[in-house]
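Copied over from Swiss-Prot:
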type	residues	note
DOMAIN	1-248	domain 'KaiC 1'
BINDING	G50, T51, G52, K53, T54, L55, S90, K225, L226, R227, T229, H231, T241	ATP 1 binding site
BINDING	T54	Mg(2+) 1 binding site
DOMAIN	262-521	domain 'KaiC 2'
BINDING	291-297, W332, R452, 458-460, S462, H464, K466	ATP 2 binding site
BINDING	T296, E319	Mg(2+) 2 binding site
MOD_RES	S432	phosphoserine
MOD_RES	T433	phosphothreonine
Amino acid sequence: MNEPISNSSKKTENTTQGVRKIRTMIEGFDEITHGGLPIGRTTLVSGTSGTGKTLLAVQFLYHGIKYFDYPGLFVTFEESPTDIIQNAYSFGWDLQEIVDEGKLFILDASPDPDGQEVVGSFDLSALIERIQYAINKYKAQLVSIDSVTAVFQQYDAASVVRREIFRLVARLKLLGVTSIMTTERIEEYGPIARYGVEEFVSDNVVVLRNVLEGERRRRTAEILKLRGTTHMKGEYPFTITNDGINIFPLGAMRLTQRSSNARISSGVKTLDEMCGGGFFKDSIILATGATGTGKTLLVSKFLEEGCRQGERAILFAYEESRAQLSRNAFSWGIDFEEMERKGLLKLLCSYPESAGLEDHLQIIKSEISEFKPSRIAIDSLSALARGVTNNAFRQFVIGVTGYAKQEEITGFFTNTTDQFMGAHSITESHISTITDTIIMLQYVEIRGEMSRAINVFKMRGSWHDKGIREYSINESGPTIQDSFRNYERIISGSPTRITVDEKNELSRIVRGVKDKTLDEE
């Protein structure tokens, strides 16, 4: 994602339209800022309470010291230095060690617990001088100030505090340091800052949000402004992991992954034939249909085939437990437990509501990075779509499919439709365009009996069987049979039997059209 870590300024600083930047090494942040934060300028980080402002400020300093050996200064107006150091330990950052090494200095400007009385006119002259002294003494190149909102809350004269904040920003710019200044806002979508600080710190503005969408909260980061340089527009989802902030720059993803002509087996011989010899390696397959149509069975056969060939595979299940998946698979002659014992299969089961979509995406990426599978399956996408917006869900699917293709992994996903019989939409969340192959499964009623139908609805770059075939499920798995040759309107859910005379008449018409075409030629 980033350039190789180096202490040389040549590799840590970037020039974009005359503005030099320093990489933050925060996952995804350097992508959406097109190279990091502008050097020698102050960036305002605004957000409501709990959005991760302080975390971003601390991570910015820690990474600068760790990766580039840039000394840093942290000015705190809210938390005590002890709390900041203790909280950083949760992410594996030993701030006390770098403080002892003289690479980080924490300047405590937090309120006096015994209270304080302001006599006469208020100014930050003494604090500004302390900050300048610390910058010069420790040769600090990076500064984080958290948070200027606390200064306004301590003193009544807001206009005077604005003036003093402006003086502080001007001094930081004069000293040539790259700084982050956090501020709090009241609403997720409203004024940038609570006290109009953005009027003075307007070169660069980053907005962090934690919005309740549907039934779940969703964190996003937006680069509102980077004066004099380019950046990506819009909101980008992020999550907070054990390593700190992790942004998913979905808009930065490029369609540059390689495409293989190699085929892999689905684990079902007849389905391979319907797909022209199997699925393309590195492709994304979607099986969609009502509950009970056999989607999980197809996924199980797909994973079994991969493990049979010595490939590693991961199943991310969001509807069934490990025990239930293993039991059901065993009833079809598939031994998931044996595959796990051999180290070829990994089953990961969790409720969709246990985390946000960004957290699920991060877990999927981490597990893939650690286990290095050739095949993955998600059962099912529709479970993850519950309680979230279409846009958030689509971004999640793009993130998963993009990462799978980048890692050259074949993905098999399932989607449960609401409609039990008949035609159903597979484009409600716009995921059909993201997948390479779509397999439609559905129930059909023929002569008073319920049957199952399977159809390869779409397959990019390959011939595939257009027929709608009947299939059944027994103890050995799925059995795909011939097409419903004597029926039409299967997909609509209202199959109609075609009589022999009608078939002959249709054949005669087709022959007549062909003969007429040949005569004209």
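Each position is counted from 1, following the chain as shown.
Even glycines carry a Cβ here, placed using N, Cα and C.
A quick note: this is a predicted structure, and the numbers were derived from the prediction, not measured.
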Starting from the Cβ of T296 (Mg(2+) 2 binding site), draw a 10 Å sphere and report how many other Cβ atoms land inside it. 25
Given the recorded positions T291, L297, E319, S432, M459, find the one whose Cα is closest in space to the Cα of G50 (ATP 1 binding site). E319
Need this for a regression test: recorded positions G52, T54, S90, T241, S432, filtered to those with Cα within 10 Å of K466 (ATP 2 binding site). What's left? none
Out of L226, M459, give me whichever of these binding-site residues has the highest number of other Cβ atoms within 10 Å. L226
Work out the three-state DSSP category of E319 (Mg(2+) 2 binding site). coil
Which one is it: of the recorded positions T54, S90, T229, S432, T433, whose Cα lies the shortest distance from the Cα of T291 (ATP 2 binding site)? S432
Over the domain 'KaiC 2' (262-521), what is the model's mean pLDDT? 85
Site diameter for ATP 1, Å, by largest Cα distance between G50, T51, G52, K53, T54, L55, S90, K225, L226, R227, T229, H231, T241: 34
For T54 (ATP 1 binding site), what residues in its own chain, 6 or more apart in sequence, show a Cβ-Cβ distance under 8 Å? E78, E79, I84, N87, D146, S147, T182
Which of these binding-site residues is closest to S432 (phosphoserine) if you go by CA atoms: T296, R452, M459? M459
Binding-site residues compared (S90, T241) - the one with the fewest other Cβ atoms within 10 Å: S90
Are there residues of the same chain, six or more positions away from R452 (ATP 2 binding site), whose CB falls under 8 angstroms from its CB, and which are they? T293, G294, L441, Q442, Y443, V444, E470, Y471, S472, I473
Do me a favour and check the Cα-Cα span between K295 (ATP 2 binding site) and E319 (Mg(2+) 2 binding site); whole Å is fine. 12
Taking the Cβ of E319 (Mg(2+) 2 binding site) as centre, how many other Cβ atoms lie within 10 Å? 18
